[in-house]
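Working notes for the structure below.
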Amino acid sequence: MSDDNFEIITSDQVIDSLDNHFKIIAGPGAGKTYWLVNYIKYVLKNSKRIKPTSKIACITYTNVAAEEIQERLNLNEDKVEVSTIHSFLYKNIVKPYAYLLKDKNGKNVINFTRLDGHEENVPTKGKIYRWKELNNLWYLTDDSKIKDCLSDLDWFFEGSDLKLQVRNSYNRRIGKYYVPKESFYSYKKLHWDEGILHHEDVLYFSYQIINQYPIIKEFIVAKYPYIFLDEFQDTNPIQTRIIKRLAESGALIGVIGDPAQSIYKFQGASRKDFIDFSLPGQRNYKIESNRRSSKKIIDFLNYIRKNDNLKQECFRKYEGVSISFIESDDIGKVLKLFNNERLRLNLNDDYCVLTRKNESVIKLKNGYKICDCEIWDKIHEADYRRERFLKRILTAQEFAYHSKYEMAIKEILKMLRTDSEGNLEEPFTKSVVKSNFVNRSIAVSILEYLLNNRTNNINKKLYEFYNELNDDLLSRLGLSLKKLGAKGNFKTLSESLTIKDLINSLKLEDEKNSDIRTIHKAKGTEYQSVLVYMENNEDIKHILNPDINSEEDDCRIYYVAFSRAKDFLCIAIPKLDEEQKRELSRLGFRIIY
Ligand SMILES: Nc1ncnc2c1ncn2[C@@H]1O[C@H](COP(=O)(O)OP(=O)(O)OP(=O)(O)O)[C@@H](O)[C@H]1O
């Protein structure tokens, strides 16, 4: 990264960029989000470009971050649209203009009458079957590998065209065959015909729409004369191009981020896009201090980042307690040692346990128990329609339990989606739902039931939950579920699994309240104490030989984890050799036994 033309500012400083694009680069805890919130208020107050009909767009990486910024802005008037890039583009480009997209025969590309948000790409058995049928691919027999391949599809630029490819080329191989690239589009089209868009399709269609109908950019810019993007180090090439197009049409763009915290390569993020991001007349700024962490933690963070030219100073002027490590493969013991140490140090405030993989989060949540991470896969194999139904209803229950009612309602509404004749999808038996309004009131009743019975239900076996839900609630609402068979794989599973097993294995988006989470979900957060659990002994190399600018994200993922800690950072790893322990001591680590 070149240091040219970067002005150093602090997180309290208001910059005079009302008529310029800008880029801010700063490390963890520098106050990027803090600065952005204040800057938005400043623009609202001082800019002549904000008209009664226009707003500022503030794009964040997750819904949780959007909520947080909304709260911190604490505005009475609706003058700032805070949302993720996908929600922003869906609401302002795809939803209103999808009907404009036509194929070469003049037919609509998307069934826009049934458009209803966007979701994760999870190939169902039904879609895989129809995709094989359309492309005559019966020779591909391993459906689990096919699922890996199709769920890995994303849009990539080939020249100026966007093409579907797998993110990880390994996933295209099914036994001795490769999945033909020409078949990818038809898999997507099966969804679009039902009005289903995947998250990645939102970027694709937005790009298509503004390219084919440039005037739409003018509408967007008139409504959003300022577009600010936080966490821009994880932008992807389509997003970058869309933003540049909006800049060409007159939007003032501000991007904020930290190249050392770019951790979404697997989803197509390009940190180079942030490093190279430049618009005519753009002003560049840096914030150098870290307001979050103690000096000992910042020294360690600077060491991990030693190949980069951004060195952080400790704003708090507080030395802090030593960074520590625990060597053990016994998760229960690790958690106990970490908690004892926090209490011994009198650090009684919030803490978080961070780890890379979802499977490890589940293991950590279960403490000593070895978890069955494949529970949902097994249910999918047994009955993919019931799996989808159960996932949605339990996800809704957990969202509501964490007071995220709007997200909970959305899940239930997805569950109540109908086919073209108005029939609910299986496992509902043919019950016709009347209107969106009725659906919403049904969703509220279902949520009420789930919340009132959560404590009772959690230890019930799945079949009991399913039957009671059907008999006590759904029948009252004029709905019914397919009865459980006398035998079969689903029946067997439903007798062995409890609702708690299912909930523990759910991958909930945006788990803000959880104290054990994946590092990716910890982006932007901070805690008094942080335990980073490295499941793989090899990962110690990211501490002993850190390479923050590596092509791969591994080192940066741990950097993000370490930098969440304010006062106490502890790292746990199953096994270290003597030389590694000596190295860690040299770096100032203390061993906890
Ligand atoms: N000028 C300021 N005055 C008071 N507190 C501040 C100021 N700037 C930042 N902070 C506080 O410092 C902490 C870190 O700030 P913030 O979360 O905005 O950093 P960030 O740069 O977005 O970090 P990261 O990249 O790690 O997510 C927060 O607790 C924030 O409230």
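A Cβ is built for glycine as well, from the same backbone N, Cα and C atoms used for every other residue.
Look at TrEMBL and you will find A26, G27, P28, G29, A30, G31, K32, T33 tagged as ATP binding site. Among the features that TrEMBL reports, domain 'UvrD-like helicase ATP-binding' is placed at 5-294.
The Cβ of P28 (ATP binding site) has D258, Q261, N290, R292, S293, L301, Q312, Y559, V560, S563, R564 as same-chain neighbours under 8 Å, each 6 or more residues away in sequence. Least crowded of the binding-site residues (G27, G29, G31), judged by neighbouring Cβ atoms within 10 Å of its own Cβ: G31. Counting only residues at least six positions away in the same chain, the Cβ atoms of S11, K32, I256, D258, K286, I287, E288, L310 sit under 8 Å from the Cβ of A26 (ATP binding site). Shown in sequence order, S11, Y34, D258, I287, N290, R291, R292 are the same-chain residues outside A26, G27, P28, G29, A30, G31, K32, T33 whose Cβ sits within 8 Å of the Cβ centre of the ATP site.
Computed over the domain 'UvrD-like helicase ATP-binding' (5-294), the whole-number mean pLDDT of the model equals 95.
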